[in-house]
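First the structure, which I've put down as structure tokens, then a few questions once you've had a look.
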Amino acid sequence: MESLLLFTAFTLGALAFFEPCTIATHTLFAARSHQNNVASRLVDITLIWGSRSILLIILFSAATLLISAPEISAVTASIVLTVMASVYLISRKVYIPVPHLEFFRLIPFASRLPDSVRLGLTAPACTLPLLVILIVLVVSVNSLPMAIISALLFATLFSLPVLVAAMAGINESGKDFLSKAANGTPYLTAILLFGAAFYLLLPEFNLDRQSLEATLQNASFAGIGIAFVAGFVFSFNPVSFASIPVVLAYVTRAHEKQQALSLGGAFIVGLVLTHVVLGMVAAMGGEWVKSIMGRQWGLFLGPVLIVLGLMWPGWLKLKLPWISMRGKKVTGHWGALLLAIPFSV
């Protein structure tokens, strides 16, 4: 558990600087500090790192001393991590009004503090989930020395890029890198959180053949989860992955934004309803098909599937008959919904 705490403090500290709401303020501070002499730069960086380290040591130590180790199940932890990851993804498209925690305002003479100290005593909004994760781990470890070490490690990794930018300056390539990092880091953070949630859930699943068959034969949330994951994975096959955006672009072309969203929604509803109906037909008629399709059908279907498999990557090219139809522009929600039916099939 202690190794996990240190690894998490190292990783999240490195990510914290590159989160969008953090990288802007810290990069601006580093650029201003770079205009001063070397001694002033070192003082600025030392004040940021020192004030941030003191703040985190106080928070982590207080959590260790005042909060008893919680008993959190793997399922609960996975749900919390999934919610956090979802927030990071949503925040890239929708503004979430979460304020920065400016701890320096608790100091009576806060207005006279240098910018470096105020920056170090501020917990940016986009780093709050990372700090929550660390505090939970610190409380679980329940060791004051480990709390202090993890606080110093997080603060050091968080402040290290500021040191590099302040001492070396930021050229055009550096600005381009920071811009890309600000755009990509939330996605990387979300992927790591989703991965941690999945890792915690793995022991809860019994993936032997008998358990899997029992899960699929009986209605359960586990079966729904398996279906969701399978659908998500198969959505990345070349046909769907390339065609769905094309069809959506066709449906929503030349319409107002609100109408385009509603037409796209109607098309998606058509996709979902068609797959639901096909699934119901397969569920109700599966045993009947199984009864009439004996082993002899394998002699026919096997070669057909092999041919289709060779055609998929283009290794085997066969000219198949094509029925040409004149396209008609979608003009309403029913048209978009009906267009999804043949597309699903």
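Including glycine, each Cβ sits where the backbone N, Cα and C put it.
Annotations in TrEMBL come from automatic prediction, not curation.
Worth saying up front: this structure is predicted, and the values here are computed from it rather than measured.
Features from TrEMBL:
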type	residues	note
TRANSMEM	54-83	transmembrane segment
TRANSMEM	119-141	transmembrane segment
TRANSMEM	147-170	transmembrane segment
TRANSMEM	182-202	transmembrane segment
TRANSMEM	222-251	transmembrane segment
DOMAIN	224-322	domain 'Cytochrome C biogenesis protein transmembrane'
TRANSMEM	263-285	transmembrane segment
TRANSMEM	297-316	transmembrane segment
Going through 54-83, 147-170, 182-202, 263-285 one by one, which has the most CB pairs that fall under 8 Å from the transmembrane segment (119-141)?
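The listed stretch sharing the most Cβ pairs with the transmembrane segment (119-141) is 54-83.
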Which listed range (54-83, 182-202, 263-285) shows the maximal number of Cβ pairs under 8 Å with respect to the transmembrane segment (147-170)?
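Stretch with the highest Cβ contact count: 54-83.
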